[in-house]
Amino acid sequence: MHLTRLNIERVRNLKTVALHGLQPFNVFYGANGSGKTSILEAIHLLATGRSFRTHIPKNYIQYEADDAIVFAQSATEKIGMQKLASGEQLMKVNGDTVATQGQLAKLLPLQHIDPQSTDIIDHGAKPRRQLLDWLMFHVEPEFYFAWQYYSRALKQRNTLLKTRRNLSLADLEPWNKMLSDYGEILHSQRLSIVEQWNVYFQNDLSQLLPDLEIELEYSPGFHTEQGLMQDLLNQHQKDIERRYTEYGPHRADLRLKTPFGHADDVLSRGQKKLLIIALKLSQIAMLHASNKETVVLLDDLTAELDLTAQQRLIERLSQLGSQVFMTTLDHASVKKHLHDLSISYQLFSVESGQVSLAAS
């Protein structure tokens with residue numbers, strides 16, 4: 001879904017923003033604190049229901065306002081989100097209220113590329129698992145269904161473990177069965193997708209880090225040779241003592257292995273940034289191969305990447321048919337890249353929360 005129109009109300013210092021005739025590349029420039037990253041934040045809020053900067057709605061809803069609103073339109077769809085300071089939200093697709101955030105996310109596949117961040121590599125398994133599950137959600141039709149049932153069973157099992165001390169195997173049996181059934185499905189789905197993803201990943205890795213050997217290695221979170229049910233049975237007493245479920249797909253990881261060790265231990269900060277970009281580009285490539293258009297948020301492109309890496313990234317996103325919303329302090333460099341690559345774009349100036357069309 002490529003956006004032709006974007007309206008933002010009361011997100012941080014953006015009181016009212018109305019953008020029309022959006023292009024494949026949309027570049028926002030201005031001083032630090034002007035509000036340009038808040039535009040990306042608003043698009044992220046629409047697609048995911050949350051900000052990439054804070055988990056607390058009142059932190060991004062304008063001071064003394066009760067809500068924030070984001071509306072977007074493509075050639076065929078209209079989607080909107082009202083977020084209240086309480087955290088409640090109202091979502092609409094083509095004028096009809098929808099119940100789940102997933103319905104908006106399916107229409108608006110979105111990737112956020114922050115060249116300054118190395119969280120996916122340095123901050124443990126959770127962000128890597130989330131990265132994998134973003135891909136699963138968009139390319140594996142049955143994933144969301146299986147994940148919902150697995151998550152429900154995990155929540156119920158953990159609640160029992162936290163609230164009751166003398167649990168028998170019989171007490172946990174219904175949840176063990178559901179965890180095992182749906183956990184094995186999730187494992188099979190993830191394993192298949194990681195194998196496919198690795199092919200795309202190697203292509204983008206070779207463009208950004210041609211001298212590095214890195215493999216994606218999926219760690220399932222349980223002992224697959226004996227199966228999840230056996231792990232749950234074997235860990236029965238220890239789970240009671242821990243008060244949570246130790247084994248299962250919720251503990252899975254996506255390991256990034258080099259011939260010299262794991263990426264978090266052996267790569268430089270600069271290499272880690274390019275590795276994360278390669279991971280996300282390869283995911284976008286997988287969606288592109290299945291005729292799905294991705295919206296990409298690219299924050300502060302020129303701050304961390306050299307000119308060659310900047311141009312390679314812009315060119316690759318254009319090849320993949322992505323619609324890009326990017327921020328920069330150095331719009332002259334970005335304009336040159338876009339002109340050199342003959343890419344259609346719009347340039348916007350952002351100053352104190354006011355957004356205006358600038359000369360391209």
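Here the Cβ of each residue, glycine as well, is placed from N, Cα and C on the backbone.
Since this is a predicted model, take the numbers as computed values, not measurements.
Swiss-Prot lists GLY30, ALA31, ASN32, GLY33, SER34, GLY35, LYS36, THR37 with the feature ATP binding site.
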Cβ-Cβ neighbours of GLY33 (ATP binding site) (radius 10 Å): 13
Secondary structure of LYS36 (ATP binding site) (DSSP, helix/strand/coil): helix
Other residues, Cβ within 8 Å of GLY30, ALA31, ASN32, GLY33, SER34, GLY35, LYS36, THR37 Cβ centroid (ATP site): SER38, THR327, VAL350, GLU351
Neighbourhood of ALA31 (ATP binding site), C-beta criterion under 8 angstroms, separation at least six: LEU329, GLU351
For GLY35 (ATP binding site), nearby residues of its own chain (Cβ under 8 Å, 6 or more apart in sequence): ARG12, ASN13, LEU14, VAL350, SER352, GLY353, GLN354, VAL355
Residues satisfying Cβ distance under 8 Å from ASN32 (ATP binding site), sequence separation of at least 6: LEU329
